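Engineer: Got a structure here, written out as structure tokens. Questions coming.
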Amino acid sequence: MPAIVVLGAQWGDEGKGKATDLLATTDPIDYVVRTSGGHNAGHTIVVNGEKYATHLLPSGILTPGATSVIAGGVVVSPEALFRELDGLIARGVEVADLKVSANAHVIASYHATIDKVTERFLGKNQIGTTGRGIGPAYADKINRVGVRIADLFDEKILTQKVEAALDVRNHLLTKVYNRRAIEVDAVVEELLSYADRLRPMVCDTSLLLNKALDADQTVLFEGAQATMLDVDHGTYPFVTSSNPVAGGVCVGAGIGPTRIDRVVGVIKAYTTRVGSGPFPTELFDEDGVQLQQLGGEIGVSTGRTRRCGWYDAVVARYASRVNGLTELFLTKLDILGAWEQIPVCVAYEIDGQRVEEMPMTQTEFHHATPVYEYFEGWQSDISGCRSFDELPKNAQAYVQALEEMSGAPIWGVGVGPGREQTVVVHG
Ligand code: IMP
């Protein structure tokens, strides 16, 4: 299977790395590619009992033999990139080959500054961003005042571009936000300091990946953020500033849609969200606290506690539809072993009406309350199960019920954090 997309089907943090791990057991992966977002993502990878967190680097960075690619749709903070690489090297990790697109936009320190002041200015309407400068970097890209990785190799061009970017920004910072102006020279100097180390990594990643696909190599497009955080298809405005949906992979990587063979949506057996925005199945009671504690639901990137709730099949069906999912990978099923009964949201009630599909408007979604169906729990530890038949009958029934209501077959299930703790449902 040459081109596989793995993406988040909820609001992020679904455990996408687990699906990648399972894929790698059957097909050696030649390329692992990030196509959107930046160091706002948080992947936790457990290798030989050791926990590693990556934010910008593709998880393939820990896979010997695989080339990691940061494609053109990603916004790259060179500072974060090298901090992450050096962090892994310091722990004795053998870091895999890394390629960075010349077209990727740069996150400079001023983007993070603007991200934070904008959030503060929004007050109670704030998005709850990661404060990493993701939104301002994408805004500069769309406003055509962005700096790209290739610009770091030409001081004259770089200076012109930083000047253009800061021209309006500095007016905003000083006159609206009452902050000090950012100095062009300091920004240019910092960005130039990364150029030498970056140069050997930089290439035309679209060409690289298309050639790899022509040669029938296996390319894994590793999603960051998730469907419900997509700027077009998520819960706007409480979203990130890129397109984590499957369509975004083509744009971000420079490959055509006809090249993609599988689109795997990773989905938790319950739901979590960080940051602000609507979340119909959110729990404010003991169950929510228990999901948070048992699931270790704390953000990898920001250390924020994640909001927790039950599985939402309306969201699952929506994710199946907008991404054209060929399959789902269900994670963290083991966490639900503590409950006698497990509620699943099968539809919403909006102003007295039962609604089966994602509501069309933001207002309706804010008014949606979950309609629950209740499933018998299995109340046991399933983390040692390695096949579907080994799962308790009630856990099997839960997985089968979710499959029927979620719009795509469930290919695999995660039963623990370790790489091997997976169960294949449909081989
Ligand atoms: P931004 O991407 O930093 O602009 O944040 C926008 C929204 O997306 C906020 O609610 C963040 O918490 C959320 N977000 C961004 N990246 C991730 C992620 O990798 N997992 C979960 N939520 C994320």
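Glycine is no exception: its Cβ is also placed from the backbone N, Cα and C atoms.
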Engineer: Write down the one residue from R83, R91, R304, R317 that TrEMBL lists together with D13, E14, G15, K16, N40, A41, G42, H43, T130, R144, Q225, T240 as binding IMP.
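Structural biologist: Of the residues offered, the record points to R304.
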Engineer: To the nearest whole angstrom, what is the C-alpha distance linking D13 (Mg(2+) binding site) and K141 (active site)?
Structural biologist: 26
Engineer: Taking each of the recorded positions K18, K141, R304, R306 in turn and counting other Cβ atoms within 10 Å of its Cβ, which one has the fewest?
Structural biologist: R304
Engineer: Can you check which residues sit near L333 (GTP binding site), meaning Cβ under 8 Å from its Cβ, same chain, 6 or more apart in sequence, and list them in order?
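Structural biologist: When sequence neighbours closer than 6 are ignored, L333 (GTP binding site) has A269, I382, A395, Y398, V399, V413, G414, V415 within Cβ distance under 8 Å.
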Engineer: Could you tell me which of these binding-site residues, G12, G15, G303, has the fewest other Cβ atoms within 10 Å of its Cβ?
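Structural biologist: Result for the binding-site residues G12, G15, G303: minimum number of other Cβ atoms within 10 Å at G303.
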Engineer: Compute the mean position of the Cβ atoms of V300, S301, T302, G303, R304, T305, R306, which form the recorded substrate site, and then list in sequence order the other residues of that chain whose Cβ is within 8 Å of it.
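Structural biologist: Going along the sequence, the neighbours appear as G42, V274, I298, G299.
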Engineer: Tell me which of the recorded positions G15, G42, K141 ends up closest to T130 (IMP binding site) in space, Cα to Cα.
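Structural biologist: Its closest listed neighbour, by Cα, is G42.
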